[in-house]
Amino acid sequence: MTALRQRKGSKGKEHPPLGAEFQSQQSNFWTSVGWSVSVGLGLLCCIYVATLHENDLWFSNIKEVEREISFRTECGLYYSYYKQMLLAPSIQEGLSDLIHDNLTESKRTINLLQRMNIYQEVFLSVLYRLLPIQSYLEPVYFYIYTVFSLQAVYVIALYLTAWLLSGSWLAGVLTGVWYILNRVDTTRVEFTISLRENWSLPFLALQVTAITCYLRPQLTSLQQKVMVWLMYVMTFCFCLTWQFNQFILLVQALIIYTMDCADFLTTTQVTTLYLVQVSGLLSVWLLQFCNSMILGSLVLSFIVAALFIRHCQSGLKTGSLLVRLGKLLLHSAMVLLLTFTINYLAKKALQLRSDEHIFKFIKSKFALGPTRDFDASLYLCEEAFGLLPLDTLERLAGTLLLYPYILTLLLLIGMLVVGALQNLRSKGGSAEERKGAGEGRATSFRPDVAYNVLHTLFYGLLAFSTMRMKYIWTGHMCAVAAYGVCGTELWNPLLTTLRCNSKLRLVRYAIPLAMMCCLYYKFWPKLMEELSELREFYDPDTVELMTWISTKTPKRAVFAGSMQLLAGIKLCTGRVLTNHPHYEDKDLRERTRQVYQVYGRRSPEEVHDILKAVGADYVVLENSICYERRHRRGCRLRDLLDLANGHIMDGPGENDPDLVPASHPRFCEAIKTDAAAYSALFTRTFHNKTFHVYRVKKKRKKKKDKKKSTLLTKT
């Protein structure tokens, strides 16, 4: 009997562990499959964009100068510092040259590590010098492959976010497929490799993944600490690699503030998320040699104001619904008032004016400021800073992304509003009290879902207002849509209405698989056709210009011209520049406006004085700017200069009544006539179909001036 009882007892104890062990093994297997698929999709995206880049330029077969020219506009400027670090005799000397740079802006010595976000170029150059790969991997490939690899990281981060939200890695697969199929709207890395956003957005996506995981209720204390550290590291990397970090973090801070007001977060969570942002920004501030733009940023002022007002208003989350709504309105007004006060005082104390062009742009965009400001107009006239074109939505709809996204967003916004009202009506008070009482978590809206809904909503509004910001929105849009397709929130109400609750599991797996089969059938032939298209880089005029500068001009010669072209000159020839595309400095913006007078209606003497004042030895004039037709009237560079100078614009069309005719012809046209007034001050030294290069002569003193000076010396 005893033996029998023992065997029964042992059987009773053995069966549950065996079942639990089997379930655990099954869960581990599918988790491993999910992780493997995420890595596979990331690598697929990386190979895809790398192949497109190679096919478009035939990058492996063109000359070195052509490869460098392919880094257009500001991309060339950033890549030039990677090249400069590699050519330096040592890492220490390379860093010293960056900290005391006198090549990027003539007659000025600037700290590039303070002014620009180029630590990624420094890190890669040091890594390349230290690793034993120089014999079989060229520096340029090490650079571009690193950027393409970050696209794999981006896809994996979006995959994990969708997986965390939905509980199914199929949502991650659908996210990755949508990201790749919507490449035109999710990334432009294959032709703008060095842009700061291509470095930073993968880290932002990882930060969002860490936040999503941090807000899950079932985390242990250790897991929460790990997530906080991950959030900090990702925030730091994001801020370090993009100069627009403060504006992106400001939107994120507003999301956190909204969730706090709607009581989706505990006080600890709110404070932690704010402090992660502050810590990331201050760490970058230290690395950028105490860059004043960071201390004077709106996001820091907002976080300080939000935390201070929240601490002072201890009874904010008490009372009836109407009372709490009234308190929240007053609270928000006080936070905004204190934010602008702190920001104004900080900028006054720091004498900060470097970011004023951004606020000019915002004011002009919404017709709140002057419309003739040169800096603001330069942004407004670029398509990337305009409103989001409607054809973007057509493309997103064509890949079956837009429709589930809209349905998911509408449903989740409705649930978010209901959850917020429940929280505000709750007699339990704050989120901590409800959590402690054990109520509401089953019926309340999940905080991780709430964060992602507000993230896609806020950044979606930003994308619609400024097209360049769509790349923050569209990637996350894939994750939200995939969550809607694979999650339970969208299907539960529908299946409950149809009385098919038992089919939920089947639907969650069958629908995404059916969608992926449909996408494969529709887009696989197009992808293969796209990958089979072979082109070749061809820009002989620019190659000829760069070759001439490298061989026929002094190494310390100073060149003036358009920002975009000068970035290429810096990269290909190493010559000194008067101005460049990194527009985050007030003095540089003023200098650029002055140098651009070569395309305005100014006298040769005025232009000569301007160029000599900035130390220019040569000026490069571009026919594509002088006779520009790409932009509409009023947005051509020559029109912006005419408006800023108070002159009537070229061509048929209306002009403002206060504009007057210019007293001089357009300089870039008149100088080609070789009239005496121009040839006395400028000598043409190079020209082809696209470019005209003039050497800026030293001004000869007139004989009368010489006689006067001799008389003065005698007296």
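Each Cβ is built from the backbone N, Cα and C atoms, and glycine gets one as well.
Heads up, TrEMBL stuff is auto-annotated, nobody curated it.
Feature annotation (TrEMBL): of 122-141, 402-421, the stretch labelled transmembrane segment is 402-421. Per TrEMBL, the stretch carrying the note transmembrane segment among 33-54, 473-494, 605-626 is 473-494.
Here TrEMBL gives transmembrane segment for one range in the set 162-181, 662-681: that range is 162-181. Counting Cβ pairs under 8 Å to the transmembrane segment (285-308), the stretch among 229-257, 402-421, 473-494, 506-524 with the most such contacts is 229-257. Between the transmembrane segment (473-494) and the stretches 229-257, 328-346, 402-421, 506-524, the greatest number of Cβ pairs separated by less than 8 Å involves 402-421.
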